[in-house]
Amino acid sequence: MYTKVEAEICGKVISIETGKLAKQASGSVVVRCGGTMVLVTAVAAKENRPDAGFLPLTIEYQEKLASVGRIPGNYFRREIGRPSDHEVLTCRIIDRPMRPLFASGFSAETQVIATVLSADQQNDPDVLALTGASCALTLSDIPFDGPVAGGRVAYSDGQFILNPTAKELSGSAMDMIVACTRNAVVMVEGRTDELSEDIVLSAIFYAFEQLQPLIDLQENLQQSNGKTKRVVEQITVDETLQAKVREAAAAGLDTVISTADKMERGRLYDELKAMVIAQVDDSGERAGQISDMLSSYKKELMRSMIVDRQVRIDGRSFDQVRPISCEVGYLPMTHGSALFTRGETQALVSATLGSERDQQRVETLTGEESNRFMLHYNFPPYCVGEARPLRGPSRRDIGHGNLAMRGLSAVLPSAEDFPYSVRVVSEVLESNGSSSMATVCGGSMALMDAGVPVKAPVSGIAMGLIKEGDKVVILSDILGDEDHLGDMDFKVVGTRHGVTSLQMDIKIAGVDKAIMAAALEQAKSGRIHILGEMEKGISKAREEVAEHAPKYFVHKINPDKIRDLIGPGGKVIKELSAEYDAKIEVDDSGLVKMFTINGTLAEALINRVREITAEVEIGAVYKGVVKTIKDFGAFVEILPGTDGLIHISELDVKRVAKVTDVLKEGDEVEVKVLDVDNRGRIRLSRKALME
């Protein structure tokens with residue numbers, strides 16, 4: 001049955017319709033705002049995956065160029081290959097609020113696909129896809145405990161704007177996506193321009209309140225069009241076996257969860273698991289079941305240790321940050337580098353400077369975009385003591401890199417003040433939680449080491465949460481196990497003055513305003529402590545870029561001279577680039593940008609550009625070279641590519657019978673410019689210098 005519902009939210013009408021497109025999917029909706037339309041479908045396999053141990057959920061988000069009336073620019077003229085970074089990031093934004101809301105015990109292969117069908121380039125399709133994913137799941141037979149609504153928040157002139165247009169977002173000090181249920185916020189992701197924690201918190205709950213009508217729409221659709229939900233068979237726990245496992249593991253697990261060293265803790269746990277399986281499983285057929293029981297028991301004991309005994313795994317207080325060590329300039333041939341170590345998490349970060357030509361160019365729905373700042377995060381298997389094949393960057397790698405990139409972007413100088421392209425690369429060498437935040441800290445230090453004049457140093461911290469009934473514990477700088485066994489991973493990035501980016505994921509039904517406010521305040525204290533440790537290594541940007549980094553020079557020329565600098569087929573500019581080991585770029589305004597590694601050649605290059613593009617001045621004296629002899633005079637090159645004529649009557653104070661009596665081709669001669677006519681012809685005189 002076709003049904004359409006709509007609501008006006010902050011002056012914009014958002015509609016959701018079902019029953020018209022993709023009717024064979026378990027759930028299918030089209031979400032629309034303005035001229036932007038997103039089709040979202042949800043389908044799950046009929047049976048659970050046996051022994052999956054996790055929810056096999058796949059989210060796909062596709063931006064079709066037909067939605068904006070464009071044909072893809074590749075050879076095949078179709079969307080092919082891996083998704084763009086933006087598509088990957090949108091997949092993650094959809095996945096994170098949905099995953100905790102599936103029924104416990106549900107493990108059927110599940111796929112949600114969001115396809116942008118039409119885009120007006122004013123109303124963003126990503127947040128519509130988020131709401132659409134929730135609605136498709138809510139209408140389907142898939143056991144999903146939604147609905148969820150998503151929206152983007154901007155902040156301009158002291159006012160919050162929900163789901164801003166592209167123009168409103170371009171001038172905003174905030175770009176934040178919030179997802180919520182009827183009762184709580186479940187996901188936050190975004191960047192701000194060093195805004196205070198109070199403003200960030202207000203923005204999150206402004207979105208929460210304004211998004212409630214989208215929850216109403218989905219509930220109304222579910223009543224009229226929703227399918228009966230599948231019944232998930234709950235696994236019956238063998239209480240006798242569970243009691244034996246707990247009895248065998250109790251003493252050993254207490255030692256495991258009190259061992260501070262990650263690798264030693266893992267070794268002790270593996271030994272304990274092998275011992276418990278050998279002791280309890282006479283048949284040898286229930287190892288997987290025993291392993292699951294032991295894992296659950298470990299989680300229960302660890303959470304109890306933190307909440308009831310007020311003790312963390314490594315013995316720290318709840319707001320204590322792990323020991324930090326850092327140094328800059330560790331890599332001698334990079335433009336900037338930093339080694340940042342916090343506890344058992346370590347990142348080696350480099351910064352590389354390039355020219356405008358090195359910018360990343362990306363085809364998007366709004367056209368080709370250029371990114372002058374790039375941050376790439378790498379998480380090789382050895383950083384967690386594993387051996388597995390090296391692949392391309394995972395969705396997690398792209399997401400962590402984007403979070404760090406947003407956090408650092410807020411403090412970068414403008415292109416006018418610092419015209420370099422900048423690439424930061426983080427190699428995570430060790431990981432025991434918060435590797436993305438180590439990337440932020442190391443990236444900030446590497447940028448300053450490279451001489452990038454950042455507005456302020458930036459640090460990041462990951463906050464955790466353990467919530468048991470009314471008991472709530474907020475943890476600073478969480479370990480990997482605290483992340484895995486806890487209820488929240490809340491990453492906050494910023495300077496001493498405010499927040500620059502943040503990301504929150506939760507594994508429970510949601511967090512309220514009081515918990516989030518406390519987490520933000522505790523994160524601020526931790527962030528400032530980390531900045532103090534970083535400033536022991538480097539506190540501000542170096543005065544100059546590294547010796548082997550490209551040096552940047554500019555020279556303004558007359559736009560009419562651009563063709564002279566470029567030359568036929570780019571001949572002149574290519575020769576200059578090769579001769580002076582430089583990258584040379586010139587824009588339509590005549591601004592010439594020169595990047596050269598060899599500083600000693602820089603002045604010579606600038607002088608050469610000046611010569612090539614110099615304009616002839618009437619009355620000026622030039623030393624030129626005779627290029628051509630004619631009966632009526634001689635043509636002399638006074639500037640590269642610029643010739644003038646000395647008429648035979650201007651060769652000497654005495655009468656000259658033949659030009660060749662005075663000059664021959666190749667002679668150097670000093671001449672004075674008498675005139676330049678309206679056709680650009682230059683009249684020269686040798687005689688004027690002899691009188």
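Any Cβ shown, glycine's included, is placed from N, Cα and C.
Sequence annotations record features per position, and here TrEMBL assigns Mg(2+) binding site to Asp483, Asp489. Under the three-state DSSP scheme, Asp489 (Mg(2+) binding site) falls in the strand class. Every protein chain considered, the tally of other Cβ atoms within 10 Å of the Cβ of Asp489 (Mg(2+) binding site) stands at 22.
Under the heading domain 'S1 motif', TrEMBL lists 619-687.
Non-local neighbourhood of Asp483 (Mg(2+) binding site): Gly433, Ala462, Gly464, Asp489, each in the same chain, at least six residues away, with C-beta under 8 Å from its C-beta.
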